[in-house]
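Student: What follows is a structure written as structure tokens; I'll ask about it next.
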Amino acid sequence: MQFLPLFHKLQGRPVLVIGGGEVALRKARLLSDAGARLRVVAPEIRSELQELAGADGICLRGYASSDLQGVALVIAATDDEPLNARISAEAQAQGIPVNVVDAPALCSVIFPAIVDRSPLIVAVSSGGDAPVLARLIRAKIETWIPATYGQLANLGKRFRDRVKQLFPDVQQRRVFWEDVFQGQIAESVFAGKPEEGERLLEERLAGAAPRALGEVYLVGAGPGDPDLLTFRALRLMQQADVVLYDRLVAPAIIELCRRDAERIYVGKRRADHAVPQEQINQLLIDLARQGKRVLRLKGGDPFIFGRGGEEIEQLAAEDIPFQVVPGITAASGCAAYAGIPLTHRDHAQSVRFVTGHLKDGSSNLPWKDLVAPGQTLVFYMGLVGLYGICEQLIAHGRSAATPAALVQQGTTQNQRVFTGTLETLPQLVAQHEVHAPTLVIVGEVVTLRDKLAWFEGAQGSL
């Protein structure tokens, strides 16, 4: 190990930055965030850097050895290599930590790549050998640690002394904090409810038993590509005890769930419901009452034709804790991967999402509104009733030559896209054996696919 990771408290302490350009500015921003008192020396100094240092911290001249007097840290950020080497030698001779930007051999300290969730700080370093790799690893860590971890750390800080008094034994304290940071208290903070998290922690310290009640996570899995999951969705997927998933959730996404979680298929298709909706609702309640963390995983977005509202209505009625994580809805994801912008200044000023399968099985849609000019229509679950949809749109005034598209299994390697018109779309379904899940897009924007298509599945498109 070439460098020992340490954290340097710089609040109120003088730090010398030699250099006045972009590199010096980047270092100065970081030092300012840490509360350091900046002293910047350079013949020319950028205005933003001058603002950071203040009038008393600016010296518009070259470096002098006397500048090192009384400083806690030195940063050499000039493009003069001999000068940088001199600064390094003089600082180290006086026992002052020194960092020479992009010259690890001249450094006694180096800057790591930082994930800032203050007061929680994560530092990643390659010892100066591969800084780009360190930044890439930092980016991965950024996705694993929600921004609200800082709030959770602050909550722990406020209660630390009380917990220490209550649990003098180190092992007992460790078990207590592990439960806090991995359980309902932490989830309340992550869900944007810090007051609830603090209340639950107060209850625990007052002697209340841990809640036996679990929680339900209603999570949108997006249209199929696992890369389109949100950070929060992925985190909850990896900590749930039980997963209830729909037919439209891609297998690759299900595989990202916790390995030892129980998986329950509750998918539906037309006239074939593996588990009736009422039974799904009750199952969510029963599992949560067993103290389990229950993931309800739905394709697309749970609040757009996903019956998510119905499910959480039941949870709310039974006082079951829940949180909702939106997902990229099929219209957005599939249209983007098909190269079809849903709105465009020259073609469509609005877009409508329409279900092609209503609760009573009818197609009683506001057809007069749906044929208004300047809009794009996106039909979910419209494949079975496609002939009737096209017929009604034409009958109510939409031109039979209106461009239209079918996007099957959009955003995945199995994606297929077929373009035609309202008149020819039903024929394309039969000709190419198109099957669900397929999205129907109607409007002039479909013509842009010829220029904007950028993603093709393994089976190609027409």
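Yeah, the Cβs are placed from backbone N, Cα and C, and that goes for glycine too.
Per Swiss-Prot, the features are:
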ACT_SITE  ASP246  active site, proton acceptor
ACT_SITE  LYS268  active site, proton donor
BINDING   GLU22, VAL23, PRO43, GLU44  NAD(+) binding site
BINDING   PRO223, GLY299, GLY300, ASP301, ILE304, THR329, ALA330, MET381, GLY410  S-adenosyl-L-methionine binding site
MOD_RES   SER126  phosphoserine
REGION    1-201  region 'Precorrin-2 dehydrogenase /sirohydrochlorin ferrochelatase'
REGION    214-462  region 'Uroporphyrinogen-III C-methyltransferase'
Student: Measuring Cα to Cα across PRO223, GLY299, GLY300, ASP301, ILE304, THR329, ALA330, MET381, GLY410, which the record gives as the S-adenosyl-L-methionine binders, how far apart are the two most distant ones in Å?
Tutor: 17
Student: What is the number of other Cβ atoms found within 10 Å of the Cβ of the residue listed as 'active site, proton donor'?
Tutor: 16
Student: Just jot down the residues in the same chain as the residue listed as 'phosphoserine', at least 6 apart in sequence, with C-beta under 8 A of its C-beta; none if empty.
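Tutor: Set apart from the residue listed as 'phosphoserine' by at least 6 residues yet with Cβ under 8 Å, we have LEU133, ALA134.
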Student: Inside 8 A of the center formed by the CB atoms of GLU22, VAL23, PRO43, GLU44, which other residues of the chain have their CB, for the recorded NAD(+) site?
Tutor: GLY19, GLY20, GLY21, ALA24, ALA42, ILE45, ARG46, LEU49, ALA77, THR78
Student: For the recorded S-adenosyl-L-methionine site formed by PRO223, GLY299, GLY300, ASP301, ILE304, THR329, ALA330, MET381, GLY410, name the remaining residues of the chain with Cβ within 8 Å of the site's Cβ center, in chain order.
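Tutor: Going along the sequence, the neighbours appear as GLY222, LEU248, PHE305, GLY306, GLY327, ILE328, ALA331, GLY333, CYS334, TYR380, LEU439.
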Student: If you measure from the CA of the residue listed as 'active site, proton donor' out to 10 Å, which recorded positions from the list ASP246, ILE304, ALA330 are inside that radius?
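Tutor: Within 10 Å Cα-Cα: ASP246.
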Student: Between GLU22, GLU44, ASP246, which of the recorded positions has the fewest other CB atoms within 10 angstroms in the structure shown?
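Tutor: Checked GLU22, GLU44, ASP246; of these recorded positions, fewest Cβ neighbours within 10 Å: GLU44.
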Student: Looking only at GLU22, VAL23, PRO43, GLU44, which the record lists for NAD(+), tell me the maximum pairwise CA distance in angstrom.
Tutor: 15
